[in-house]
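Below you'll find the structure, written out as structure tokens, and then a few comments.
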Amino acid sequence: MLPAVGSADEEEDPAEEDCPELVPIETTQSEEEEKSGLGAKIPVTIITGYLGAGKTTLLNYILTEQHSKRVAVILNEFGEGSALEKSLAVSQGGELYEEWLELRNGCLCCSVKDSGLRAIENLMQKKGKFDYILLETTGLADPGAVASMFWVDAELGSDIYLDGIITIVDSKYGLKHLTEEKPDGLINEATRQVALADAILINKTDLVPEEDVKKLRTTIRSINGLGQILETQRSRVDLSNVLDLHAFDSLSGISLQKKLQHVPGTQPHLDQSIVTITFEVPGNAKEEHLNMFIQNLLWEKNVRNKDNHCMEVIRLKGLVSIKDKSQQVIVQGVHELYDLEETPVSWKDDTERTNRLVLLGRNLDKDILKQLFIATVTETEKQWTTRFQEDQVCT
């Protein structure tokens, strides 16, 4: 059973619980967008964070800024007494009959009562009326599970793409949430949200001493060594830092090369065990061996550290050199799903090919993972498979 989140002191202004009051914004459409019409893919940004951290405030800010985007908002379960919920038609059984509410500025709001796929599929029928989707999760939601559905559903994949995951952390209560111990060795929700994020907003920095913000920032960086950390007040942020990140597609490979060179390895924060590890291995990887390496980590979960603890990878990102391919290949992994995609960047003839990986997760051992990765590059498939024994599978 999950503990109650927050106390009376943590309760957000009632307005935080309501759907943002949207105001008209001027929108323009380029000739290229008009030509592409319904054929253009629509980016989705997942906004996550604990109750009261400022998710709805960020939504309100994004929707009222002058960004020339027509935005659809998906609220993952409305709060009790939500002003928007009163405007939705409800069936006699108490379930939503009409899921969508179209607002005067062209934006859309909906309540997702199921896994979210049906709602987004319905939203696709309104494609052409908007060009960006913001999906706000509940406070305890695992954004990885939400992110995964965009890779699973092939039909959705042709219409939309996951742009990035934004996690908002409350400056006052964030450290408490991140260090909360869970039973049976489970990872607490706040820590998982931070680990999966492409950008982390430390919000309400004006309400706490600078030293507290510094401690929180250090803790966040110890969990996620790759994501950008931004300090905000009232969730106000340069929109280029949260929208159009291309964090999950091949375009991210262009900036990822430089970023991976400066990712710091981290130590577990306090008594927790989530870390960021990074390593580089020169040479080419055989694609089938690379798949085996990733699958043993994400699917079989049969890789253990020196203390014989199972390694759990929450997020995986990297650039690799695949044998017989001229393009750099980006590797993305969330939960049990992963993808290899060629980037627009080619390997130069006068530079050494190399593989850089960043893994975020629990009980990770850099030395063991690096040696296993080297095995994917240098060993035969027969030799490689002997490294994993059935009786070593983690349960």
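Just so you know, glycine gets a Cβ as well, placed from its N, Cα and C.
In Swiss-Prot, the annotation region 'Disordered' applies to 1-22, one of the ranges 1-22, 177-198, 221-242, 265-286. Here Swiss-Prot gives motif 'CXCC motif' for one range in the set 107-110, 147-150, 371-374: that range is 107-110. Secondary structure at Gly49 (GTP binding site), taken from DSSP and collapsed to helix, strand or coil, is strand. Around the Cβ of Gly52 (GTP binding site), 23 further Cβ atoms fall within 10 Å across all displayed protein chains.
Across the domain 'CobW C-terminal' (274-377), DSSP classifies residues as 26 helix, 49 strand, 29 coil.
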